[in-house]
Amino acid sequence: MVRARLIIKGRVQGVFYRYSTEKEAKRIGGLTGWVRNLPSGDVEVLVEGDDVKVNRLIEWCRKGPPSSLVTDVITDWGDYKGEFSDFSITY
């Protein structure tokens, strides 16, 4: 089990990025954490789960939904903490 914090840069706000990320995390299954907009215009994701599933979500985040334009994904790996019960949008 792993934990990753992502900062997604580009045209990622106002394009259903958070909603689509939540939907994709639930489709993959077994992932917990959250996704939120940042004042900078970026999107932040904190995700925990199986290494393969977390990497699958990271790969999806590199593309995002069709209306987005991702220019960079900064990934910071950490120790799994198991502090979340589901994956949701945070405000």
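Note that Cβ sites are derived from N, Cα and C of the backbone, with glycine treated the same way.
If you check TrEMBL, you get these features:
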ACT_SITE  Arg18  active site
ACT_SITE  Asn37  active site
DOMAIN    3-91  domain 'Acylphosphatase-like'
Neighbour count, 10 Å Cβ-Cβ cut-off, for Arg18 (active site): what number do you get?
22
Which of the three DSSP-derived classes (helix, strand, coil) applies to Arg18 (active site)?
helix
Where does Asn37 (active site) sit in the DSSP three-state scheme?
strand
Could you give me three numbers for the domain 'Acylphosphatase-like' (3-91), the DSSP helix, strand and coil residue counts?
25 helix, 35 strand, 29 coil
Rounded to the nearest Å - Cα separation of Asn37 (active site) and Arg18 (active site):
8
Which value does the mean pLDDT take for the domain 'Acylphosphatase-like' (3-91) in this predicted structure?
98
